[in-house]
Amino acid sequence: MAKGYLVLETGEVFEGVLLGELSGHVGEVVFNTSMTGYQEIITDPSYAGQILTFCYPLIGNYGLNAYDDESLQTAVSGVVTGEVCEEPSHFQASNGFVERLEKAGVPVLTGVDTRALVQVIRKHHTVKGVITEDPSSVEANDWKGATPFFVSQVSTEEPVVYEGSGSGTVAAGGAGGSTATFGFHSIHENMGRGLHIALMDFGYKKSILDALLEAGCKVTVVPYHYSFEQVKELEPDGILFSNGPGDPMALQPWLKEMKKMTEAWPTLGICLGHQLIALAHGARTKKLAFGHRGGNHPVKDLLTGKVWMTSQNHGYVVVDESLDSENFQILFRNVNDGTVEGLKHKSLPIQSVQFHPEAHPGPSDTEFVFQQFIQQVSSSVGHVASGGKEYAEA
Ligand SMILES: NC(=O)CC[C@H](N)C(=O)O
């Protein structure tokens, strides 16, 4: 077994066993606290360019199946674990964890004291690292250089239309089938029947698409750089700005167009999408000390006082004081650190959440966000959302 090392730009070196392919990619080292859901996590395009440390000590024990990929890519730059299980036990397992990452050319460093590593990340806040066989080969210069623009690497090149049944984004046929198979409990089939949603693709998770399809919507996945006019040609009834990797400010050239879209159609933003809506309307974003990545982030609904458990994966956050408070209202706040977790426009049908209502992995307590969005789109086109009853043309 080959020895491998995670070298941090701050000088710390973590030794482990190297599996998978060495990529040589420098990435921000981040950690996720979820106890399950590693398949969804490694296929979530939002992790593009990051070296991901799993806090849960044993990863891979239930394998990977044909259903739970969140995209066709394995965008993560590297994976660090305490222990990996290469002989999974689960009736649906069709792949091993390391096997998958190996095929995707992603290095896995295992046998690492991940608790110590997480403490180091928490101390330094943002820290870059590289997985290597030879720590002495890492030069000070390796930490410099421009950050790549990850969204263009993970977004669709052409619009893709999905209608009626499953997204089919999992080649093995896992996600296909009737609209009622995805398991979003509050989303009724037919609620969105007849509605057309443009899903602006900054690196969308399949579960977002599935939530819309489950409601009966037609969905067009749209390249991130599409202008207002190009989107208008698609004739959508509503817009969903997806999650995605990297610094939201990297999309600054497109913010003007995004603003126009939010003013023309009912809009929902999720994670990066939420940050982009805020930026487009004049707010600022900043980097969190060490990000929220996990399946148990409590978020307070400021209208009802209820606290929801949410799935999260973000390193940036909207700056409170920068918000245009005449037009925007803060809907949700993180209970742990008080940061902004959701916004609502006071007069336009715009809503956004920093957390992941589509879950996968993590709790689906907030899937009502999709329901509210679909109702909003529905009423804006003169239809009444029908909550499971047959959709009636107005
Ligand atoms: N999941 C996401 O959309 C992440 C958003 C953004 N890249 C961040 O880290 O804050």
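Placed from the backbone N, Cα and C atoms, the Cβ positions cover glycine too.
Please treat TrEMBL annotations as automatic predictions, because they have not gone through curation.
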According to TrEMBL, which candidate in Ser23, Ser34, Ser46 joins Gly244, Gly246, Leu272, Gln275, Asn313, Gly315, Tyr316 at the L-glutamine site: Ser46
Closest of Cys271, His356, Glu358 to Gly315 (L-glutamine binding site), Cα positions, active-site residues only: Cys271
Inter-residue Cα distance where the pair is Asn313 (L-glutamine binding site) and Glu358 (active site), in Å: 12
Per-state residue totals over the domain 'Carbamoyl-phosphate synthase small subunit N-terminal' (2-132) - DSSP helix, strand, coil: 26 helix, 44 strand, 61 coil
Same-chain residues at least 6 apart in sequence whose Cβ lies under 8 Å from Gln275 (L-glutamine binding site): Pro248, Gly269, Thr285, His314, Tyr316, Val317, Val318, Gln354
Chain-internal residues near Leu272 (L-glutamine binding site), provided their CB is under 8 angstroms and they sit 6+ positions away: Ser46, Phe202, Gly203, Phe241, Ser242, Asn243, Gly244, Pro245, Gly246, Pro248, His314
Pairwise Cα distance for His356 (active site)/Cys271 (active site, nucleophile) [Å, integer]: 7
Length of the line joining the Cα atoms of Cys271 (active site, nucleophile) and Asn313 (L-glutamine binding site), in Å: 8
